[in-house]
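Asker: Sequence annotations record features per position, and here TrEMBL assigns active site, proton donor to Glu79, Glu320. According to TrEMBL, the feature active site maps to Asp226, Glu338. Feature annotation from TrEMBL assigns domain 'PA' to 621-708. The region 'Disordered' annotation in TrEMBL covers 756-852. The compositional bias 'Basic and acidic residues' annotation in TrEMBL covers 756-767, 836-846. Per TrEMBL, the feature compositional bias 'Acidic residues' maps to 782-794.
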Amino acid sequence: QEHAYPADELMPLTCRGRVRGQEPSRGDVDDALGKFSLTLIDTLDTLVVLNKTKDFEEAVKKVIKDVNLDNDIVVSVFETNIRVLGGLLGGHSVAIMLKEKGEYMQWYNGELLHMAKELGYKLLPAFNTTSGLPYPRVNLKFGVRHPEARTGTETDTCTACAGTLILEFAALSRFTGTSIFEEYARKALDFIWEKRQRSSNLVGVTINIHTGDWVRKDSGVGAGIDSYYEYLLKAYVLLGDDSFLERFNTHYDAIMRYISQPPLLLDVHIHKPMLNARTWMDSLLAFFPGLQVLKGDIRPAIETHEMLYQVIKKHNFLPEAFTTDFRVHWAQHPLRPEFAESTYFLYKATGDPYYLEVGKTLIENLNKYARVPCGFAAMKDVRTGSHEDRMDSFFLAEMFKYLYLLFADKEDMIFDIEDYIFTTEAHLLPLWLSTTNQTISKKNTTTEYAELDDSNFDWTCPNTQILFPNDPMFAQSIREPLKNVVDKSCPRGISRAEDSLGNGPKPPLRARDFMASNPEHLEILKKMGVSLIHLKDGRVQLVQHAVQAASSLDAEDGLRFMQEMIELSSQQQKEQQLPPRAVQIVSHPFFGRVVLTAGPAQFGMDLSKHKAGTRGFVATIKPYNGCSEITNPEAVKEKIALMQRGQCMFAEKARNIQKAGAIGGIVIDDNEGSSSDTAPLFQMAGDGKNTDDITIPMLFLFNKEGNIILDAIREYEAVEVLLSDKAKDRATIFKGKMIPNYIIDSNLEMENMDQKLSENDSHKQNPEEATSASQEVGTVGEEPEEGENVDVTDTDSVSPAHADSDSVSISNQDSYVPGTNEATAPEPACMQGDHQPQEQKTKTESNPKVNWDNKVQPMESILADWNEDIEAFEMMEKDEL
């Protein structure tokens, strides 16, 4: 409210609101923003869970008074449903509960429900397809096909996007008595079920909304599918319809048969489920152990959760994606709540205080690494600790809620949480809806489902009691074999394809062995349906057509060969890239809390080999471009020089400031508005000459990050920074010196958490200690579709700073390079390398009529707010003493 209202989200680094059209577009991520005060609506029922009923009452009044749902803006149907419609329904659910109790909300007359119904009608035009699957986007004012809608041309949607509607839409129908919403959501679910792959009972990631054809045929439990499975089971719990349970059990049997490779959950192909589709996992699958708890299958839930926790202990947060041998694949972490969600459900199921320790670790890491002056900032790179100016609404809607509930006792709650079911956005819907306004006739369709041999199917109803009261060591016995899975063993995941081969015949040709000049290899390629084309520029292109293979088995070998070639070339591109670096502002009043993502230089001091980094005060050089002799050497000596990009080579700038006595340099991009949020990692190359004479560290900051330092200099003259390979712990930076203790977040109830941990002490288990697309090669780890090309070229033609996403490159094909699946990393380096930022699109959505105040808050104001927080925390400490 103080910094961002009425914007959709808070930008915690610049202390202002994110308004769509007034900030550089982040692509599809911005489709969640609709100028409807997203974070406020998404957080309504969290306020009641945290027992902040007065704040909730004021927030509801703000929503009713200020929120407009009739904006001319294109939004995601999926995100708007789970965050806004779900938020309004969750707010209505707890509002009527409070009104019944007689103390709060006595004035409430269903206003949130009226808004939810209005929004529901605005989403219905998206369902105007022959299949019943909704368009992925809708214009809140003009719908889908209106000339001014600017949407409606899409053909594909993700399975989760179309299959995560039933809870909110059915609840809206049950609350209002208007059946159309539940009918539309059921029709979409029915269509996905009918289009499942019948032999494997799996569904793909994306589907054509008009024809029902699967567009992406890989299947897993992470991004693109996750909440479809969640809503099948929860729809049964909320609505009591057996058909949803039958469908979930059918899918769950397939998941455990093909995707589950304990403790891993690996994507497979729906038509060939014994063949892994990729060698990495995304962080969204962290919800699955929680769903397994609800289903009653505890052992695999404990195993997967423990594996994820080991990754978190390695990096403080769960990377957006990581490989089967636990290396970082995508380094971002937007403060996702799925792991906290699963931790909560596992604690509720087992009563094991170990999960309280896990929760404490999560809270400490949030306060230690993500807490910034105006909120909590997403991690740009978990390896460096750099921040992103982003705090998604789900952080308050879900993360705060699950962490509070993890440590809350019954007496801490003003209502019984067991009377509600959580939506995928953690909004609360009352279970009594199952017997209210049942407008949909339920059919007994049990005979349509295959008989499944799974004794766990009897354990389907949610159990609010501890499942193993007489065996408190049950969970520990499952976790124990996994406690060193990341740090010490770094196992290589064996693909199902390899496993199924056993001791039988291996693929006739491996990518690592391929030589384009070997006639025997060319003959094998031909047999596998792979043709080789020599391009004019000297590259060799590989194309596979399965129909040209000698047999179906040969075609499968060819498919595997193409996948290996893609992974091999991607690995080599990664090895050419230097990882990002960090610029950490350590002087008063920042004290290391602000960490900026910096691009490395291919010359000068290697910060990865100098773990202490380079620390010093910054000084602006003259001339500012650094392209000639420095005229203010007395100001630069023994300091870190700031300079602007352009007009000469980076190495020349480095030599000039080094000669002037600088101990390091920061080059700031001269491209106004550039940011690490939207641009790929930038590496400063040398000048083609020997650069051994340059011994100081040089880092590159985009314009937005550079301005943060320049603004700090203007407001607070002496600014000290630390240049390093990754952000340092503040205790390390200050070596025991006293600094303001504003790290502990009272909102996360640290005192209550420690008290509860001490109460359980006798049973405690000590845990083991992008303006352009990203650099990710689009086909890395994925099986190539028929006709997909792979380019093989010499490494000199590839820029190490930016890999072409349309082709894959490996070094000279006559040389030997270990394949990705065969490479074994040394123990201490299990999680190093692999800078793979998530792809971001750059569409621009502008609205000249926006009149919200979106000015950057002055540094003086930010520091004043910060000082107030520090004083408040210091007062709290005195009170505690």
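Backbone N, Cα and C define each Cβ position, glycine as well.
In TrEMBL, annotation is done automatically, which means it is predicted and not curated.
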Asker: Write out how many residues of the domain 'PA' (621-708) are helix, how many strand and how many coil, based on DSSP.
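Answerer: Per DSSP, the residues of the domain 'PA' (621-708) fall into 20 helix, 15 strand, 53 coil.
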Asker: When the Cα-Cα distance from Asp226 (active site) is computed for each of the active-site residues Glu79, Glu320, Glu338, which gives the smallest value?
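Answerer: Its closest listed neighbour, by Cα, is Glu338.
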Asker: Looking at the active-site residues Glu79, Asp226, Glu320, which sits with the largest number of other Cβ atoms within 10 Å of its Cβ?
Answerer: Asp226
Asker: In whole Å, how far does the CA atom of Glu79 (active site, proton donor) lie from that of Glu338 (active site)?
Answerer: 16
Asker: Near the Cβ of Glu338 (active site), how many other Cβ atoms are there if near means within 10 Å?
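Answerer: Neighbour count, Cβ to Cβ under the 10 Å cut-off: 24.
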Asker: Can you tell me the CA-to-CA distance separating Glu320 (active site, proton donor) and Glu338 (active site), as a whole number of Å?
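Answerer: Roughly 12 Å, rounded to the nearest whole number.
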Asker: Per-residue pLDDT averaged over the domain 'PA' (621-708) comes to what?
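Answerer: On average, pLDDT over the domain 'PA' (621-708) sits at 91.
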